[in-house]
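J.: So TrEMBL lists these for the protein:
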COILED    60-87  coiled coil
DOMAIN    95-418  domain 'SAM-dependent MTase RsmB/NOP-type'
BINDING   Cys203, Ala204, Ala205, Pro206, Gly207, Asn208, Lys209, Asp227, Asp254, Asp274  S-adenosyl-L-methionine binding site
ACT_SITE  Cys326  active site, nucleophile
COMPBIAS  422-432  compositional bias 'Low complexity'
REGION    422-459  region 'Disordered'
COMPBIAS  448-459  compositional bias 'Basic residues'
Amino acid sequence: HVRQLYALVSETLRYSPVLEKLLAGAALLRAEKKLPPQLAKVLVYDLLFGKGLKCGGRWKALARRHRARLEAELARLKVQQKVSRNEDLLAPARAASPGASQVPRYVRVNTLKTCVDDVIDFFKRQGYSYLGKAASVEELRALSGKKFLLDLHLPELLVFPPQTDFHDSLLYTSGHIILQDKASCLPAFLLGPAAGSHVIDACAAPGNKTSHLAAILKNKGQIFAFDVDTKRLATMNTMLTRAGVTGFQLAQQDFLTVNPGDPKYSKVTHILLDPSCSGSGMVNRVPREEAAPSAERLQALAGFQRKVLSHALSFPALRRLVYSTCSLHREENEDVVRAVLQERGSAFRCAGLGGGGTQRRVLRGSVLTLVPRHRLVNAFPSWPCRGLAAFPGAESCLRASPADTLTHGFFVAVLERHGEGAAAPSSLPAAAEENPQHGEGTKAGAAPKKKRRKKQRVK
């Protein structure tokens, strides 16, 4: 049962410091060398603090063998800390990540299976009150109870109060809705490939962004999705199938080993690049303890990110690329973009000739002008948080944070090829380049207009 599993994991994490003391005091891991530490925490939590061990097999028998010793250690810990209740063993400051309590529950409507209007109607029949389209972030912040809004920026995103749980909802289990943070929806939305495009999702798992791309493409075109982890790809395949995604190819392959000259990718015009990062922007709805990444770790990540971004820009038919991270660190964000643009600016090609490089030479009278082939796009000018002033033009990048945008911490940069050889621009509606889009013309409080072509109706 998803909800019970979620509760068990959340509570185990909440009691993690206490469980570590109990495991050490009872010497359980020394006695049971094959028992994984994280599994040991779950077993001991359920045995001493939960509803009792519901599992069967050898793990249940193992935990029960040590029950007397663990209970004695728990009693000793209570005496030592002069408390009588289990809850009193928790440190008062133990809490979820800063901002977790204020980030709403975002629900992306999967337009491959349904439409916004039908999902709104479904939730209204479930007792929720629809308040229309939000006019400001403050309206999202004020949500409470069983009320929800249409997001003010993204057209297929519904917003519910924080901690709203839809993991057991029929819409979620059937793939009609995707539980995805608003900031995580930005990369595919800003990439905006036209239906029929060939797109690469370079670091694809777990697949939410891939399914979003498929919805934007209307399942017309081709998505090449790469990841190095077999299990993550298997999970992703299940998720994409449930979401009704077709026209995709999954490959267990490091994107850096993909040959841009392979004829298979000769029509790839759009790339979504969301590489491994420190994850420092992730807001956690359950408590955790995690040290800030060291300077060495950040430099190693940034080195990889520069390499993979430069590689992505080398695909010959590329028109538009989105680079994103869920990191707050400038080293992984603005500094990476600046370094790659500078690096690729060191090579040139002459107008009318083939070859590599990111700039072309243009003779205007007696003056030689260098025109970069890749440039930052000032996408979504109305988005409130911009890139740090690390280099001229960095304000074209987007940032997100729990405090300012009520989302996870995020960074997005949009790069576009222009000049000679550049193809038509993205299919992204002009409003996303100038103003919040899609919802334009829809008054606050009004439901979005009915689509002519009805998707599978949610009952």
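Glycine residues also receive a Cβ, built from the backbone N, Cα and C atoms like all the rest.
All TrEMBL annotations are machine predictions without curation.
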J.: Cα-Cα, whole number of Å: Asp254 (S-adenosyl-L-methionine binding site) versus Cys326 (active site, nucleophile)?
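T.: Counting only the Cα atoms, the answer is 20 Å.
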J.: When the pLDDT values for the domain 'SAM-dependent MTase RsmB/NOP-type' (95-418) are averaged, what is the result?
T.: 88
J.: Any idea what the Cα distance is from Gly207 (S-adenosyl-L-methionine binding site) over to the residue listed as 'active site, nucleophile', rounded to a whole Å?
T.: 15
J.: Does anything in the same chain, at least 6 positions from Ala205 (S-adenosyl-L-methionine binding site), have a Cβ under 8 Å from its Cβ, and if so what?
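T.: Correct list: Asp227, Asp229, Arg232, Leu233, Thr235, Met236.
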J.: Using a 10 Å radius around each Cβ and all protein chains in view, which of these recorded positions has the most neighbours: Cys203, Cys326?
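T.: Most Cβ neighbours within 10 Å: Cys326.
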J.: Return the residues near Lys209 (S-adenosyl-L-methionine binding site), defined as same-chain residues 6+ apart in sequence whose C-beta is under 8 angstroms from its C-beta, sorted by sequence, else 'none'.
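T.: Looking at Cβ-Cβ distances below 8 Å from Lys209 (S-adenosyl-L-methionine binding site), excluding near sequence neighbours, one finds Ser184, Pro187, Ala188, Asp201, Leu272, Asp274.
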J.: Between Cys203 (S-adenosyl-L-methionine binding site) and Cys326 (active site, nucleophile), what is the CA-CA distance rounded to a whole number of Å?
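T.: Each residue's Cα considered, Cys203 (S-adenosyl-L-methionine binding site) and Cys326 (active site, nucleophile) end up 13 Å apart.
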J.: Just to be sure I understand the packing, how many Cβ atoms besides its own are within 10 Å of the Cβ of Asp254 (S-adenosyl-L-methionine binding site)?
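T.: Cβ-Cβ neighbours of Asp254 (S-adenosyl-L-methionine binding site) within 10 Å number 13.
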J.: Counting across all protein chains present, how many other Cβ atoms fall within 10 Å of the Cβ of Gly207 (S-adenosyl-L-methionine binding site)?
T.: 27
J.: Listed S-adenosyl-L-methionine-binding residues Cys203, Ala204, Ala205, Pro206, Gly207, Asn208, Lys209, Asp227, Asp254, Asp274 - what's their greatest C-alpha to C-alpha distance in Å?
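T.: Farthest-apart Cα atoms in Cys203, Ala204, Ala205, Pro206, Gly207, Asn208, Lys209, Asp227, Asp254, Asp274 are separated by 19 Å.
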